[in-house]
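Accompanying notes for the structure given below.
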Amino acid sequence: MRHLLSTKNLSRDEAILLLDIAEDMSDTQLREVKKLPTLRGKTVVNLFFEDSTRTRVSFEAAAKRLSADVINFSAKGSSVSKGESLKDTAQTLAAIGADGVIIRHAASGAPQRLAESRWIDAGILNAGDGTHEHPTQALLDAFTMRRRIHGDASRGKDLDGISVAIVGDITHSRVARSNLWLLRTLGAHVTFVAPATLIPFGAAEWPATISYDLDQTLSEGRPDVVMLLRIQAERMDAAFFPNEREYSRWWGLDDERFAAMRSDSIVMHPGPMNRGLEISSTAADSAQSTVLEQVTNGVSVRMAALYMLLAGEREGA
Amino acid sequence: MIDTILITGATLPGGSQSDILVAGGVIRELGSIAAPAGSRRIDAAGLVALPGLVDLHTHLREPGFEQSETVLTGSQAAAAGGFTSIFAMANTLPVADTAGVVEQVLSLGQQAGYATVRPIGAVTRGLLGEQLSEIGAMAHSRAAVRVFSDDGKCVHDSLLMRRALEYVSSFDGVIAQHAQDPRLTEAAQMNEGSLSSELGLKGWPAVAEESIIARDVLLAEHVGARLHICHLSTAGSVEVIRWAKARGIRVTAEATPHHLLLTEDLVRSYDARYKVNPPLRRDEDVLALRAAIADGTIDIIATDHAPHPSESKECEWDSAAFGMVGLESALSVVQTALVDTNLVGWNDVARLLSATPAAIGGLIGAGAIRAGAAADITLHDPSTSSVFDVTDLAGKSVNSPYLGRQLSGSVRYTLHNGYLTLDDGLVVPAEVVAASARAGSQMEMGE
Ligand SMILES: [Zn+2]
């Protein structure tokens, strides 16, 4: 794999291979010495134009456990915030010999722009771009589901027949998009649940079921997985919904809805959570919740992604 | 300097063959003509002779944004594309909202000499959409402004638009509206649809254009004024214009070459060369625009030539500037999209790209190849097909969406006021053109 920009163009075989490598990586993380020599001598840059300590730290841990040299290049206080262009930054990173660039950017498509430009030859890993995609989040979500469902027999398996309800601000969520494409590739069925304002325009053409009614989806669909997305207060100002109370009343996973769920279903959230808004504490802290597993699995999945992009001779490089 | 040019064996827009004798800046004679002594002969066998092309929608960027384009370089791009008259949009710095600025642009155009440069005046002061600009002063200035537009911005205040429509009719003017509801397009990046949602780019809904056009044709009807709509981009806009024309409303409409050929699918690359206002739309919109040109609902084709420096395009999509250069490629794109597809003939091209834009803009005497008319002539070779290349660009900026794309036909010669501005595919040097222009204006004063 040359770059990881999106889950849309991942094949089923590629996705399963990546998840299987993540299983191997996860096994190594149970050992006393967690560090592998795989990427020794490689330079990985964490290029974060948007603040996200959680994601940056996860990538940093993944790269370091593979023995890569990690350079953190965050926009705040650097030349980037002084108006340096993406192009100039990319050329600077090329000049210092970056083998891989993990980029988080507020502008959709910025990672693809880097990958397809001639500014830099490094492998590009999308760590979240605008409202476009966040492929490693989707991969760690799929990894987490697969483990919960198939346990130790996960290797080689897909998610055929699994039903996933993704609830919340789909319109502005790169996580929802990456999850949809990947889950479909792996054979799962996806339902987006949100008020109509938070369903992307034209999503009827996507391979997802659209629902405005969480109660109906939970009671009739009996989904295997319910994934809640973070609701941002600024959406209220832009008239996406009237107020928090109304949102949580109709689309929040409160105690009552949680109690009515199948006891073997899974509750997921990419974090950070608004407890009491999109998810109740009971649901978030329950045995059905995978919130902390998602964080742990994130490191294994990102190790696998870095391994696939950077280990050995890079194709086309 | 050779004053007399004989063009031999040209195919006129209607299809007949003719020689064309040009002398003293004027077309002297059509038919079968013996070469006068000392004349320059241009063999136009196989070339289509069109009346010099007229662009009602050009951004020349001067004054204020000379790093992107100047009146000189923009009119060189015009010559390369076969244009002999260009209407310069008002969104310069300072804005063309006073007689002083429009006269400055007029003079720069006259000095350059590649084309007739007609300034467009701003509708509102500073393009701010708050107060009318000095429309009367611009109309009565040496630039004799007849077209007024806040292009780049929409005159969105309904009352101000009504007043503007009424006021310019006092000066036989026309408002050219950039139809874009500002609230519906805040931070918008590309056509709104499932693709914009997939790419995570903020959507620019068709209704943001269509609702303004619908309002404005009703306003034009109410006050009995003339209205021109810039760069129609959606099938719905075509329907509104069709309805308005059937109702007898005095509205004219324009489409750009890029909206006749390119679709939103190109945005998948996130290559900002495809970022434009209004945005590239769907296949069905392109087909509706082409059909509307064929049936006369859309009156003209105008380039919306919008030069930008490379750093405004070599960046992430959200930060990139809107717009593409279009003068040099316009005729080839029109041939590719409309002529090769048998939707229109060369007679229609002459109407769409010369006669009608001249009429809308109040450009007297332009738009026809006939004896006695000013010798503005474009000789186009429709038989070629080639990959459009950066060397085909003659302006200052290279933000063309056609680079690397196969296009039909090529402009070989452009004559403006009887002298060559494009000679066998090469732009004639600036000092030669400027000298021809000076000689021409002295002769005019002498006559
Ligand atoms: Zn415009």
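The backbone N, Cα and C atoms fix where each Cβ goes, glycine too.
Annotation source TrEMBL lists domain 'Dihydroorotase catalytic' at B:48-234.
Here TrEMBL flags B:His57, B:His59, B:Asp151, B:Asp304 as Zn(2+) 1 binding site. In the three-state DSSP reading, B:Asp304 (Zn(2+) 1 binding site) counts as coil. All protein chains shown were included, and the count of other CB atoms within 10 Å of the CB of B:Asp304 (Zn(2+) 1 binding site) stands at 30.
Residues annotated as substrate binding site in TrEMBL: B:His59, B:Leu60, B:Arg61, B:Asn91, B:Asn277, B:His308, B:Phe322, B:Gly323. Every protein chain shown contributes to the tally, and the Cβ of B:Asn91 (substrate binding site) ends up with 21 other Cβ atoms within 10 Å.
For B:Asp151, B:His178, B:His231, the entry in TrEMBL reads Zn(2+) 2 binding site. Counting only same-chain residues at least 6 apart in sequence, those with a Cβ under 8 Å from the Cβ of B:His231 (Zn(2+) 2 binding site) are B:His57, B:His178, B:Glu254, B:Ala255, B:Thr256, B:His259, B:Pro278, B:Ala302, B:Asp304.
TrEMBL lists B:Asp304 with the feature active site.
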Contacting binding-site residues for ligand 1, chosen from B:Leu60, B:Arg61, B:Asp151, B:His178 when the Cβ sits under 6 angstroms of any of its atoms: B:Asp151, B:His178
Under 8 Å by Cβ from B:Asp151 (Zn(2+) 1 binding site), same chain, sequence gap 6 or more: B:His57, B:Met89, B:Ala90, B:Asn91, B:Ile120, B:Ala176, B:His178, B:Cys230
Among B:His57, B:Arg61, B:His178, B:His308, B:Phe322, the one of these binding-site residues whose Cβ has the fewest neighbouring Cβ atoms within 10 Å: B:Phe322
Residues that sit under 8 angstroms from B:Asn277 (substrate binding site) by C-beta distance, when 6+ apart in the chain: B:Gly152, B:Gln180, B:Phe322, B:Gly323
Whole-number Å value of the largest CA-CA distance among B:His59, B:Leu60, B:Arg61, B:Asn91, B:Asn277, B:His308, B:Phe322, B:Gly323, listed as substrate-binding: 16
B:His59, B:Leu60, B:Gly323 as binding-site residues, winner by CB count within 10 A: B:Leu60
Cα separation, B:His59 (Zn(2+) 1 binding site) to B:His308 (substrate binding site) (Å, whole number): 10
Averaged pLDDT score, the domain 'Dihydroorotase catalytic' (B:48-234): 98
